[in-house]
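J.: Structure below; questions to follow.
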Amino acid sequence: GVSTSASLRPASDTSVVMSTFSPVDYVVFILLLVLSLAIGLYHAFRGWGRHTVGQLLMADRKMGCLPVALSLLATFQSAVAILGVPSEIYRFGTQYWFLGCSYFLGLLIPAHIFIPIFYRLHLTSAYEYLELRFNKTVRVCGTVTFIFQMVIYMGVVLYAPSLALNAVTGFDLWLSVLTLGIVCTVYTALGGLKAVIWTDVFQTLVMFLGQLAVIIVGSAKVGSLWHVWAVASQHGRISGIELDPDPFVRHTFWTLAFGGVFMMLSLYGVNQAQVQRYLSSRTEKAAVLSCYAVFPCQQVVLGMGCLIGLVMFAYYQRFPMSTQQSQAAPDQFVLYFVMDLLKDLPGLPGLFVACLFSGSLSTISSAFNSLATVTMEDLIRPWFPQFSEARAIMLSRSLAFGYGLLCLGMAYVSSQMGPVLQAAISIFGMVGGPLLGLFCLGIFFPCANPPGAIVGLLAGLIMAFWIGIGSIVTSMGSGVAPSPPNGSSFSLPSNLTAATVTTLMSSTTLSKPTGLQRLYSLSYMWYSAHNSTTVIVVGLTISLLTGGMRGRPLKPGTIYPVLPKLLAFLPLSYQKRLSCRSYSQDLPVDTDLFPEKMANGVLRDSKDKEVVALDGWAQQGSSPTFVLQETSL
């Protein structure tokens, strides 16, 4: 946390020397906006008049794995991360790189658990699962929580990089906010998910090129990458493996590698923006492959962010910071460094700014599209199922436009929030954990029931806000910030740019906290794990107290058979003794809940396509059951 005691204002001190854009830089930056808009409009006007809601919201479920993978990567690779990760490495060393260890389980679990369940249920919104597993009330609670999370976050994501850019370059603050917001709203609303995915692909390449240019030019100016590494090692910026198990230590191997798994699951497992991309894949196999493909891409992105931080450190050991640079907010370090490094190379500063704004565009467009989808599918269609296709398309586009205007409004609110803004950006992380816990409660625990799910979600949200807000208030009260690695002292300005990387750059206090202060010092990397566990524990307790799912049939495909999967590794004799079949699951089913046809042990949809094979019927009490075999869709 950092001190944010004053109101936010754009940089206006004329005594501060600002870098300026050359005409070539402006051309490069404008090209990004024009090409992004062109891609969106191409998909909007291609087949105009023949579009369906499925094409608009789900890209007609015909996307390949590579564009989906790059879109998955771009969705949460925001400008805040592009600015924050190098600054984190510059100030604290390479310990943060061990977050990459969490990517393995954080992507493997969604690929083999969440994606198959969501894909086989043929969902449009992830929160449809909550109605299938629990009831409509739980679905609405999950949807409203997600909308609250994204609405708060998207205004900050739009405003934060614009303010940082204004502070360093003098780039007009509200011109950049309006330009980004309008361009993003137009191509998202008109082009739908397909336009968003293909613009994400383009913007991912721009982000890659912009960061690569900084690494190449920076390492050349200080000597070489080997020299960068040597300087960083000499000054203790190459971190070893810190095995301290204390969850209150900000960054350790366990905190990053295992706490990070829950953070990754909340993003890549159950977040609608990502689930929607999985479900747009042409096959389940393509969806799983796209999740696999994100893994090396994430490692490359994390590695590039770390390298920029090390190059920046070596550069400032050779060329000391100016006064205004040493007094800058942490997330302004990178922009000052880039403008200083690339000032003699026309076009490259524009490329990096395009890289920065690509991060914002990809995140905001994903937010618009996912918000329009959940609003349409979870809050409107269930109450007005007789909408015509044309009216549904018009409403979907109107929702995307409406969320675009709301985003611009939230950007303005962000500019007026002052110290409250630090809490606003932290809300994104606070809400992700309880939503993950809600889905895990439904997927892994057959006894969990609707009352348990609702009470568990509320308990998780209360715990998340209690610890999260308490941590922010405590850190704001202490106002302690670490010294920069080059030894010069500086103060953190009380503005948004100091707050945007709160989750990356929590400062340390001089005295060891006790009591509630100790609880508030829990590492932010454990927030998702702690909050999701709260949902599961409270949800299971309430479910058991209220009778579990007794007398309530479970819908097929909504439960992941954890025990059979684990026992599959045992010898067959032990499996028989434990009455457990390795690749099947006995589930009670209410056949009245499904309009599909049953024939010869095969469940078929309205188009007579096989949905899932049914292996045998058995009568247990008054509830019919069947064995659900894993099968190709």
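Every residue gets a Cβ built from N, Cα and C, even glycine.
All annotation found in TrEMBL is predicted automatically rather than curated by experts.
Checked TrEMBL, it gives:
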type     : residues : note
TRANSMEM : 26-45    : transmembrane segment
TRANSMEM : 65-85    : transmembrane segment
TRANSMEM : 97-119   : transmembrane segment
TRANSMEM : 140-161  : transmembrane segment
TRANSMEM : 173-193  : transmembrane segment
TRANSMEM : 205-232  : transmembrane segment
TRANSMEM : 252-270  : transmembrane segment
TRANSMEM : 291-316  : transmembrane segment
TRANSMEM : 351-374  : transmembrane segment
TRANSMEM : 395-414  : transmembrane segment
TRANSMEM : 420-445  : transmembrane segment
TRANSMEM : 452-473  : transmembrane segment
J.: Considering only Cβ pairs within less than 8 angstroms, which of the stretches 65-85, 140-161, 205-232, 291-316, 395-414 has the most against the transmembrane segment (351-374)?
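T.: Between the stretches 65-85, 140-161, 205-232, 291-316, 395-414, 65-85 has the largest tally.
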J.: Determine which residues of the chain contact the transmembrane segment (291-316) at the Cβ level, with the cut-off under 8 Å and only residues 6 or more beyond its ends counted.
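T.: Sequence-remote neighbours of the transmembrane segment (291-316) are 65-66, 69-70, 72-73, 77, 81-82, 85-90, 94, 96-97, 99-100, 103-104, 107, 110-111, 115, 207-208, 211-212, 214-215, 218-219, 221-222, 225, 227-229, 231-232, 235, 237, 268, 278, 333-334, 337, 341, 485-486.
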J.: Please identify the stretch among 26-45, 140-161, 173-193, 252-270, 395-414 with the greatest number of Cβ pairs below 8 Å relative to the transmembrane segment (65-85).
T.: 140-161
J.: Using a Cβ cut-off of under 8 Å, list the residues of the same chain at least 6 residues beyond the transmembrane segment (26-45) that approach it.
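T.: 179, 183-184, 186-188, 190-192, 194-196, 198-199, 202-203, 206, 347, 350-351, 353-354, 357-358, 361.
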J.: Check the transmembrane segment (140-161) against each of 173-193, 252-270, 395-414 and return whichever range has the most CB pairs under 8 Å.
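T.: So the stretch in question is 395-414.
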J.: Mind checking which residues reach the transmembrane segment (252-270)? Cβ under 8 Å, same chain, six or more beyond either end.
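T.: Cβ under 8 Å, 6 or more out: 72, 76, 95-96, 98-99, 101-103, 105-107, 109-110, 113-114, 126, 241-246, 291, 294, 429, 432-433, 435-436, 439, 523, 525-529, 532.
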